[in-house]
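Feature annotations, courtesy of TrEMBL:
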| type | residues | note |
| --- | --- | --- |
| DOMAIN | A:9-71 | domain 'V-ATPase proteolipid subunit C-like' |
| SITE | A:58 | site 'Reversibly protonated during proton transport' |
| TRANSMEM | A:12-36 | transmembrane segment |
| TRANSMEM | A:48-74 | transmembrane segment |
């Protein structure tokens, strides 16, 4: 197999790792919505952690995407 | 059509080439221009914000005070009153990353936070600084951070390596989070913009998507600056008040 084709396949495989982050981010927002639904007064105290948690979980997806981009553009 | 990663190329503008060598030992690059622009924007903004020290703040002063309170509350909530002595550093960090990310959203500009070299420099500085603060404050007792209080001693051989690795991974995650968010956002914008031309008459569909993604990217730029700063505050809290 030539290197170019192997890079494309590798990039595709690396991007599959983003599935976990999708589940994680959905988890965070689902719990945030459920929390605010049960106790609307708690919105201001959990909203902050919702955003921080989202950014940190999204970073995991981007670690996988960085591997894919390195394969596509830098190797 | 240009590659979507061509926007991240660092181009030297004023290279300083020593005699008899071909490569410059220092060059003032487009990345440097972007950083100087961010500092100038921050300086001009805070000069405008602090010009008239009115009791009832005008508009510029209001925004300046809002920014100050935002970061000050972040530090007080996460580090405590002792953390306020690190306020100048955290505030500078927040403003630099925030304005840098925002300036990168301007067309034809350069996002200096989209380079791992820049974000890694900041993250390593924060990591080493926080570790030094931790050792300076607690001495050797700082190593107790890797063995949480009240855990059974038998779990130590597993717990300590895990805690150590997660502590050492902090500069990596901090730097890669910021650099990857910025890089991926801008690559996505360029790729979608390429679709606008490629689809010809139906190019208005990806154009609308580009508009929506640009709004998302503004939001992500602000959020990543905030997350970088608040994680720095959390690491500082770990060093100053251990658990």
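Just so you know, glycine gets a Cβ as well, placed from its N, Cα and C.
Predicted automatically and left uncurated, TrEMBL annotations should be read as such.
Among residues of the same chain six or more beyond the transmembrane segment (A:48-74), those with a C-beta under 8 A of the stretch's C-beta atoms are 7-8, 10-12, 14-18, 20-22, 24-25, 28-29, 32.
Model confidence over the domain 'V-ATPase proteolipid subunit C-like' (A:9-71) is summarised by a mean pLDDT of 91.
Around residue A:58 (site 'Reversibly protonated during proton transport'), taking its Cβ as the centre, 23 other Cβ atoms fall within 10 Å, counting all chains.
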